[in-house]
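Student: Structure below; questions to follow.
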Amino acid sequence: MNSPSPHHEDDEHEDEVFLEDSDIIEEINVDEEELVDADDDDEEDEQGGGEFMDEADDSLHTFTGHTGELYTVTCSPTDASLVVTGGGDDRGFMWKIGQGDFAFELQGHTDSVSSLAFSSDGQLLASGSLDGNIRVWDITSGGLKGTLEGPEKGIEWVRWHPRGHVVLAGSEDSSIWMWNADTNAFMNTFLGHAGSVTCGDFTPDGKLICTGSDDATLRIWDPKSAQSIHVVRGHPYHTEGLTCLAISLDSTLALTGSKDGSAHIVNIITGKVVTSLSAHTDSIECASFSASAPWAATGGMDNKLIIWDLQQSLPRSTCEHPDGVACLLWLGQYKYVATGCVDGKVRIWDSRSGECVRTFSGHADAIQCLAASSNGEYLVSVSIDETSRVFEIAEFN
């Protein structure tokens, strides 16, 4: 909400100097967030937020098309400038880095857009919503290709098969669904979880599906038969709901994090817990394998990013934040990790030394999600401050 701007009145009544004085000082103290928003709305190129805040705005592009908190962002795998964001205003937007006049609205959802994903060839985009539907968009035409229906509650996440136009989604109603996005045809439903399916994906080889749930279990499925091959639960596994899941590039290991603060690595083939990673003291929100070393990264609400040595099952580095770590991303050649923090900052960490090598300011509230452009030059963040920001990261490839 924009504050009333006194400068119109200044033109007519130049003697009313108090408008420039006490009112503006008061706005800084009382309505700091409103002022930041008002400033953001001025001009995308004008990074004037620093006049009102303690820090400068380090972003090179700010997208302000949304009118609600942002939850999700994804970058095209084939077009390094194309970004899609979604959030609590029930809308998605396709926009381009450095092209402030380009924005295409993804219309039709009736609840928050919770998840976005491009097909691996970059031709199609899936948008999942808390309205229970997934809408598939043709990137070339910008048109709606189809709506995928079935789940009775909200969509938690959407993923594509690594080599085809097959969409997988997990729902709050404890089910997982799979469709052919070329024909909008239902393919399979995967039933067995007893709580919201909070995370999931195909293995990179496309042969299996892994899903994690609020019921504290990991399930490994056969996509063709929809049968559950393994159910991982009980000691030594998680005692509370799963929050995040990552799968190793060779499709053999699943790394899961939980509200209970533990992380575990499961052998996907045998269904056995092979490693337990204990160091976090609060809910783990994000987890990811390094593709270049036997390392993994986890971030949690205990304000820590931990880089793990998986051969030792011990932390290599513990990277302290001022607030919870909501999301993380390995960058480029996997030397650096980016984190999005509840304090509104995006930080870049050297995974070898554990040092914070860059802090990006600009957001006025918690970061919810991060994505990197396909050329590795840009990091895109979304926040509950209703904006998405682009930061230059070429030096961290």
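Cβ coordinates are placed from backbone N, Cα and C, and glycine is handled just like the others.
Feature list, courtesy of TrEMBL:
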- 1-10: compositional bias 'Basic and acidic residues' (COMPBIAS)
- 11-57: compositional bias 'Acidic residues' (COMPBIAS)
- 1-63: region 'Disordered' (REGION)
- 63-105: repeat 'WD' (REPEAT)
- 106-147: repeat 'WD' (REPEAT)
- 148-189: repeat 'WD' (REPEAT)
- 190-231: repeat 'WD' (REPEAT)
- 277-318: repeat 'WD' (REPEAT)
- 318-359: repeat 'WD' (REPEAT)
- 360-397: repeat 'WD' (REPEAT)
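Context for these features, please: burial, neighbours, distances.
Tutor: Non-local neighbours of the repeat 'WD' (63-105) in the same chain are 40-41, 44-45, 111-118, 120-122, 125, 127, 129, 131, 137, 139, 142, 368-375, 377-378, 380-390; each lies 6+ residues outside the stretch with a CB under 8 Å from one of its CB atoms.
Confidence annotation: the repeat 'WD' (106-147) carries a mean pLDDT of 97 in the model.
Same-chain residues lying 6 or more positions outside the repeat 'WD' (148-189) and placing a CB less than 8 Å from one of its CB atoms are 111-112, 114-120, 123-124, 126-136, 195-202, 204-206, 209, 211, 213, 215, 221, 223-224, 226.
Long-range neighbours of the repeat 'WD' (277-318) within the same chain, counting only residues 6 or more positions beyond its ends whose Cβ lies under 8 Å from a Cβ of the stretch, are 243-249, 253, 255-265, 324-330, 333-334, 337, 339, 342, 349, 351, 353-354.
Taking DSSP states H, G and I as helix and E and B as strand, the repeat 'WD' (360-397) has 3 helix, 18 strand, 17 coil.
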Student: Please report, as numbers and ranges, the same-chain residues at least 6 past the borders of the repeat 'WD' (360-397) whose CB is under 8 Å from any CB of it.
Tutor: 33, 36-37, 40, 47, 49, 53, 55-64, 66-81, 83, 85, 87, 97, 323, 326-329, 331-333, 335-336, 338-348
Student: Do any residues, 6 or more residues outside the repeat 'WD' (106-147), come within under 8 Å Cβ-to-Cβ of it, and if so which ones?
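Tutor: Distant contacts of the repeat 'WD' (106-147): 68, 71-79, 82, 84-94, 153-163, 165, 167, 169, 171-172, 179, 181, 184.
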Student: What counts of helix, strand and coil residues does DSSP assign across the repeat 'WD' (318-359)?
Tutor: 0 helix, 25 strand, 17 coil
